[in-house]
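Take a look at the structure set out below.
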């Protein structure tokens with residue numbers, strides 16, 4: 001990855017690459033991840049951030065609710081929405097911890 005990318009651009013590239021890593025590794029359907037493979041990806045890739053039971057339950061609920069077309073597979077758009085939904089509560093927690101440490 002080029003050093004000319006900003007930290008945010010690098011993060012986006014990692015998210016995109018991670019999706020396609022699991023598509024090619026686990027999915028028979030092109031450009032989609034099964035729900036079970038997505039859960040496995042979360043366990044491997046976000047294990048520390050989802051160690052809180054509440055975060056894990058919230059992630060499971062999002063997975064159940066987001067499969068818009070009910071095909072049991074997660075498209076890239078669904079994945080992107082899921083990642084946003086999962087990171088929202090984590091971002092809030094990080095912000096609260098930063099507030100506490102600065103006071």
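Residue positions begin at 1 at the first shown residue.
Just so it is clear, glycine is given a Cβ too, placed from its N, Cα and C backbone atoms.
Some features that Swiss-Prot has for this protein:
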- 12-47: domain 'EF-hand 1' (DOMAIN)
- 54-89: domain 'EF-hand 2' (DOMAIN)
- 67, 69, 71, 73, 78: Ca(2+) binding site (BINDING)
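Cβ neighbour count for residue 67 (Ca(2+) binding site) (all protein chains, 10 Å cutoff from its Cβ): 17. In the structure shown, the C-beta of 78 has more C-beta neighbours within 10 angstroms than that of any other entry among the binding-site residues 71, 78. For the domain 'EF-hand 1' (12-47), the predicted model reports an average pLDDT of 83. Here the Cβ of residue 73 (Ca(2+) binding site) has 19 other Cβ atoms within 10 Å, regardless of which shown protein chain they belong to. According to DSSP, the domain 'EF-hand 2' (54-89) comprises 27 helix, 2 strand, 7 coil.
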